[in-house]
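Chemist: Can you read through this structure? Questions will come right after.
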Amino acid sequence: MSDETRDAAPGRRDGYRVWALPGLPEVQSGDDLAKLIAAAEPALADGDVLLVTSKIVSKAEGRVVEAADREAAIDAETVRVVARRGPLRIVENRQGLVMAAAGVDASNTPAGTVLLLPEDPDASARGIREGLRDTLGVDVGVIVTDTFGRPWRAGLTDVAIGAAGVRVLDDLRGGTDAYGNPLGATVVATADELAAAGDLVKGKAAGLPVAVLRGLPQVVAEDDGEGARAMVRGARDDMFRLGTSEAVRQAVTQRRTVRAFTDEPVDPGAVRRAVAAAVTAPAPHHTTPWRFVLLESGESRTRLLDAMRDAWIADLRRDGKSEESVAKRVRRGDVLRNAPYLVVPCLVMDGSHTYGDVRRDAAEREMFVVATGAGVQNLLVALAGERLGSAWVSSTMFCRDVVREVLGLPDGWDPMGAVAVGHPAEEPKARPERDAEAFIEVR
């Protein structure tokens, strides 16, 4: 591409042409796609963009595999399941793409076989670009396309899964719009727009797997560029990394006991949302046996923990523990002291029944204790959903009178431990899966 063309390109708004290439033969393993494309369109020019359907790239690269069981092929290409609806799976595949069936396709391929996506679509695009440069002496952009569904939208469209020589993203952040308003979040997915334009002329069943787009030389780069991988947003940065049902299931199991926190303040609103989840727990007799005391000030936390420490030391000394042993045990309370936020859950027996015998009265209290535990578990799970770490510690149960006195609580409020809350100092470790069968008896 000449310097004159490159200099003029950014200001061009004259429109563009896009057309499909007829006459391409059925692609076989080992075929040179660049030579096939050059033969079909020898008049390619600098600044053109080639839009190449991934199916023919896969065929040329020998990505057609025998697979009587398509589901097994999908399993092999899957890194994680994002969502599942009946037989349909939306997954992240080994290329980092989130798509239906990991890109495994049983169409346009002989019976008993499936097409896998190219192993490295960016490398595939680079190879085609280099081949066209060698064959025709032209400097073009190449995009490998595949068909995707889209969140919140019906229907399918083509997007870029591989690219070479194309400015795949147009980052407008830091600029202004026509009214002078700052652009703070606008990054245009140029390669996807080009892929969709090509799909208009290629179609889905017309046997036209390659399109040429001409008239937008500003999107073609001198070097190969970052490729389409630069467009893939990682799961950690994705606000919707799981489907609804999958997110609900994961939320229940992602709670961890977190004992070390950063100094980042805890959003009181997040804790209140967790409390709102806590009080949806089951409870006997249509009661609401939960109360949650939120210690939001450092002064209230220190006052409570100092009083609890003194009560604990007194208990340990009565047990005959040495001063060294006492000091060692008391240090275990640091998880509460180092937390930037504490919640003290309490049990109230309002609405409980009195039966007049020890057995049934004990069972009645146990029902309320179980309900309180369910509320605390809801709290912990909801805090995890707010990306907050937590640790339930039993210590307030051993000095309830002290806790009630320091916090000014009614006599009928029974503290049921304390929950340390904060932003985890490090990513919680993955928990090994437990086999449910080890905890089940069937009758």
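Glycine is treated like the rest: Cβ placed from N, Cα and C.
Not measured: the values here are computed from a predicted model.
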Chemist: Given that Swiss-Prot lists Leu24, Pro25, Glu26, Val27, Ser54, Lys59 as binding GTP, which residue among Asn108, Asn181 does it place in the same site?
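Modeler: For the GTP site that includes Leu24, Pro25, Glu26, Val27, Ser54, Lys59, Swiss-Prot also lists Asn108.
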Chemist: Please give the GTP site's span as the largest CA-CA distance among Leu24, Pro25, Glu26, Val27, Ser54, Lys59, Asn108, to the nearest whole angstrom.
Modeler: 15
Chemist: For the binding-site residues Glu26, Asp105, Asp146, Asp315, work out the Cβ neighbour count at 10 Å and name the residue with the minimum.
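Modeler: So among Glu26, Asp105, Asp146, Asp315, the binding-site residues given, the one with the fewest Cβ atoms within 10 Å is Glu26.
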Chemist: Give me the count of other Cβ atoms within 10 A of the Cβ belonging to Leu24 (GTP binding site).
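Modeler: Within a 10 Å radius of the Cβ of Leu24 (GTP binding site) lie 19 other Cβ atoms.
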Chemist: Counting other CB atoms within 10 A of each CB, which of the binding-site residues Ser54, Asn108, Thr147, Ser394 comes out lowest?
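Modeler: Among the binding-site residues Ser54, Asn108, Thr147, Ser394, the lowest count of other Cβ atoms within 10 Å belongs to Ser394.
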Chemist: Among Ala283, Ser394, Arg431, recorded FMN binders, what is the largest CA to CA distance in Å?
Modeler: 29
Chemist: Fewest other C-beta atoms within 10 angstroms of its own C-beta: which of the binding-site residues Lys59, Arg431 fits that?
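Modeler: If we count Cβ atoms within 10 Å for the binding-site residues Lys59, Arg431, the smallest count is at Arg431.
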Chemist: May I ask for the distance between Val27 (GTP binding site) and Asp105 (divalent metal cation 1 binding site), taken between their Cα atoms and rounded to an integer number of Å?
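Modeler: About 16 Å separates the two Cα atoms.
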